[in-house]
Amino acid sequence: MSSLTRIVRPQKRPAEAARIPERGKSKLGYWLYFIPGAILISVVIFYPIVRNLRLSLYHWRGGRAAEHFTGFDNWFALFHDSAFLQSFTNIALVVVAMVIVPTLVGLVIAAALFDVVGRRFGGKISSLLRATYYLPQILPIAVAGVMFSWILKPNGDGVLNQILSGIAGHAVTVNWLGGQYSTAIASAMVLMIWIQIGYPVVIFMAALQRVEPELYEASELDGANWFQRFRAITLPQIRPEVFVVSLTTTIAALKVFAPIFILTMGGPSKSTYVPSFYAYEEFIKGPDKGYAATIASAITIVVFLVAVIFIKVQTRSERKDA
Amino acid sequence: MSAIATPTTPITRRAAGTKHKKRPRTASEWIVLTLSIVGALLVIAPMLLLLINAFKSPSEYANSNPLELPHALSFDGIRAFWSGHNFPRALWNSIFISGMVAILGVILSVLNSFAIGIGRVKGRTWLVLVFLMANLVPQEMLFDPLFKLYDKLGLLSNSWSVIITFTVIQSAFGTYLLSSLLGTFPKEILEAAAVDGASRFRSLRSVIVPILRPTLSVLMVFFFIWTWNEFLLPLAFLNTSDSLTVPLVLQQLNGERQTDTTTLIAGTLISIIPTIIFFLFFQRTLTRGITAGAVK
């Protein structure tokens, strides 16, 4: 069972099992252990959240300038701000690149590595391949971004353009990152897919290990082909992992920052903005820190909502199973 | 996950088992293997391209195809990056920051989860969610208030600004994972320790932590690597050339217009190497950790 659901519905134990015989000590003493954690999380997490939510109700140029209370003006402005709306539309594409494609392709790769490569060609080859797919996950995203921006340089300088020129037989001079919106966002999506792909592969392969091999062998004897087994056994068995992967990658997609910062800086002309990058730009260069705080608060609210909805859906579907 | 009934009898299992080993590999199985290898090659292709081009001299790079191997090994780019961009300093900063976060983050996770999992304090479900918020909140929410706070405290461009921040963020995940683990900690062991007169802190230090050691080391590896890879908050908090981390140095180099491409490529390759070494060392721990973290 996924640990997320364990948190929401903590395992029930008989009351006496929880007791540890301790002479005259109350549970109150355990609160002492929270002191460092509570202080730190208040300063590092809760103070900024409260501060930004409050600031979203003000106009403030930053520095020593006075703060002007404006109520929900910033929030109304947000919904008419084409840059913000564009940044949120782009999130749909980021979800495709960080959630949908990696989960689907990861399922196929994991099944292929586990079911065919691991079983028929040996575990060594399959774990080597698994490690290769996982490698981009542990590279610093900034470093991966610099690497891709080198490959995707425009005109004849770009590695990709040079390779394509060699194949095509004539000069290819696409400006992958800056020319137009479609190639810029597509390039960023390729980078995100490349980074993400190994994560579902590793999780799904571990999940498959948990599935009883007898299930497969029995179905094979019954004459089921690979695809039928995949649909009837693999998918239902690893549903909890599919859920966890989609939850964590969706949240990561909502917060995505570095690939855009390194590759396109939001360009050409603000078209590849994502909300995180927009908030960052406004905090750094914008005329109104209150507005920057509003963008950041909006992202935070969406992230929390998505997490709550996901967990609710999961809890319900597990209850149905039970 | 719901329990699965296994509808197999020993007879079919044995039959299937023997059948499996004797069957020769089919053509479609070879195709699947080939495709998996091609996919893996595509994944490491950008790094192979780096490797091929990082050792070319600027003039050779300008005159050759990126797919060609270098004719002579040139270390110009690597030398220029290593000394010109204060790379050793950045490497040390990254190691110090990530190492401190790994240690402090695990200590904080253990303290929190001890109260939640063993102490079973009231409202523990909510407490876990509260701590988990640290992991959910987008970093641009923290960026401006913390920038001002660290500015006041004189911690800007000081490794500790990043260490404090990420100790809290990483320990959110650690608290979450360890709380559910400690929730099922065998009570007989704790009872035995209590009978022997051990205090709570003593049982934590001498009984629980040693038993948890494998999980704690997995957490440490992850905290280290996650912190190493962080970008946005270090970018905001670390502004002097002495305080930069490895990703920041590379990003800065990337932004400079007059940079030689060969220096940039060599720099990228060097920035990847510590991660690859770490990966080779902890490959097994990593795969164990990803799965322990996501799904139990």
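Just so it is clear, glycine is given a Cβ too, placed from its N, Cα and C backbone atoms.
Marked as transmembrane segment by TrEMBL: A:28-50 (among others). Residues 300 of the same chain sit 6 or more residues outside the transmembrane segment (A:28-50) yet have a Cβ under 8 Å from a Cβ within it.
Under the heading domain 'ABC transmembrane type-1', TrEMBL lists A:88-312.
Using a Cβ-Cβ cut-off under 8 Å and counting only residues 6 or more beyond its ends in the same chain, the transmembrane segment (A:91-114) has close neighbours at 126, 129-130, 133, 185, 188-190, 192-193, 196-201, 204-205, 207-209, 230, 234-235, 242, 245-246, 249-250, 252-254, 256, 274-275. Positions annotated as transmembrane segment by TrEMBL: A:91-114 (among others).
Annotation comment: TrEMBL describes A:134-152 (among others) as transmembrane segment.
Through the fold, the transmembrane segment (A:184-208) approaches residues 90, 93-94, 96-98, 101-103, 105-107, 109-111, 113-115, 126, 130, 133-137, 139, 141, 144-145, 148, 152, 176-178, 234, 237-238, 240-242, 244-245, 249, 256, 259-260, 263-264, 267-268, 271-272 of its own chain, all at least 6 residues removed from its boundaries and within a Cβ separation under 8 Å. What TrEMBL lists as transmembrane segment is A:184-208 (among others).
Residues or ranges marked as transmembrane segment by TrEMBL: A:242-263 (among others).
With a cut-off of 8 Å between Cβ atoms, the residues of this chain six or more beyond the transmembrane segment (A:290-311) that come close are 4-5, 8, 49, 51-53, 55-60, 67, 70, 74-75, 77-78, 84, 243, 246-247, 250-251, 254-255, 275-276, 278-279, 282-283. Feature annotation from TrEMBL assigns transmembrane segment to A:290-311 (among others).
Residues 2, 4, 91, 94-95, 97-99, 102-103, 106-107, 141-142, 144-146, 148-149, 152, 177, 184, 187-188, 191-192, 195-196, 199-200, 203-204, 235, 272-277, 280, 299, 302-303, 306-307, 310-311, 314 of the same chain, all 6+ positions outside the transmembrane segment (A:242-263), place their C-beta atoms under 8 angstroms from a C-beta of that stretch.
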